[in-house]
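Okay, structure first, notes after.
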């Protein structure tokens, strides 16, 4: 499969300002506030100018039950801290209460996480972006009818199901320190999704992900597990990740990739025991990106929150092919990053218990399994189901300028690099406003026009022919989940 180096690709990014308000409870290691810290840091690096930012819709119960059981989702919708006593049996049944506590806004939190991942998949399916990013997603432990490992709704599975409407084969890669058990379980018997997980194994949550777990039935050899020991460093990780992923790409030939970027595999993580730096972790993103496939990047674990924000900010920059300085810009959470106030972290002096012999032995075993794969299974072409979410609204230039827009619409209006300066103020006019935005938007250089031959044409409803409308409603012939 062809690789490209340094190719600029269109990136869209999903974020809701409310996500940082959710709180698992005192002493709980999972802190949604880390998503807000990440967002604030990448804003202050100016990365917002280089990508489209969207506020996700709140995924509804119908979307979630494309994978999860009806009674489990109904339970998540109903449970609250003030009515827990009425649901004690169901809490036990659905594994909610300890690692996965009941907290205020639990279901809304799941809606935002899931909404961003599903919307990202729809964007990729419509070829409206090359890379989609949702750092609030990546909750890989959730099962069909059970919460697990701080995860309630498996946004990854739901996003992959959406991708499968348009893509014959989807590759899932997991670089979280914990095994991606929930995603593997969901696709264990299909040959249309390959799951690849690099994780700590042996007396460590969730206890799954043995080298010998390879899938079943049609899915035999489509689950790939690389069990690791404590202390793996950048050099060792790169030495296994690149050859394994190259072989996977060659044998499976996916047409879309989902990369779970759990940052608990970093050195110094509160719950982790690996020794990766941010650069080492991001090399995985860079390598997967080089295959030039539609890519969904998701969050996941990460419990030293200052390093989570550093890591996901840097990996957003990698997706954008943008260099950012090691000196952190001033931001709302600047004091979290002391005493050095730098982007990158140093590895610790912990021992790497993964010897070269051990890593080579596991790698060769995985290669043997991958050689058992038939080359790129074919899939029957079928009419595709409709998208999970409706079309985005039309051109803002056609809107009534006297009508106040919603916060959601406002969040989608992102300044491109050439449109605004670093400052929030433009000359004597003070703050940026909608009319300035529109004027700037209309100004296009000849260069840009050459780069963007498929420039959107402004078309009014009256100009659309009935024939075009009929065509838009037509059923596309594409693949359907077998």
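Including glycine, each Cβ sits where the backbone N, Cα and C put it.
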Further 1D-myo-inositol 1,4,5,6-tetrakisphosphate ligand in Swiss-Prot, beside 27, 31, within candidate set 192, 212, 229, 270
270
Where does residue 264 (Zn(2+) binding site) sit in DSSP terms: helix, strand, or coil?
helix
For residue 176 (Zn(2+) binding site), just count the other CB atoms lying within 10 A of its CB, please.
26
Note: among recorded positions 74, 141, 178, least Cβ-dense neighbourhood at 10 Å is 74
One should report the C-alpha separation between residue 264 (Zn(2+) binding site) and residue 141 (active site), rounded to whole angstrom, as 14
Inside 8 A of the center formed by the CB atoms of 176, 178, 264, which other residues of the chain have their CB, for the recorded Zn(2+) site?
177, 199, 262, 265, 271, 272, 300, 301, 302
Inside 10 Å of the Cβ of residue 264 (Zn(2+) binding site), count up the other Cβ atoms and send me the figure.
24
According to DSSP, does residue 176 (Zn(2+) binding site) sit in a helix, a strand, or coil?
coil
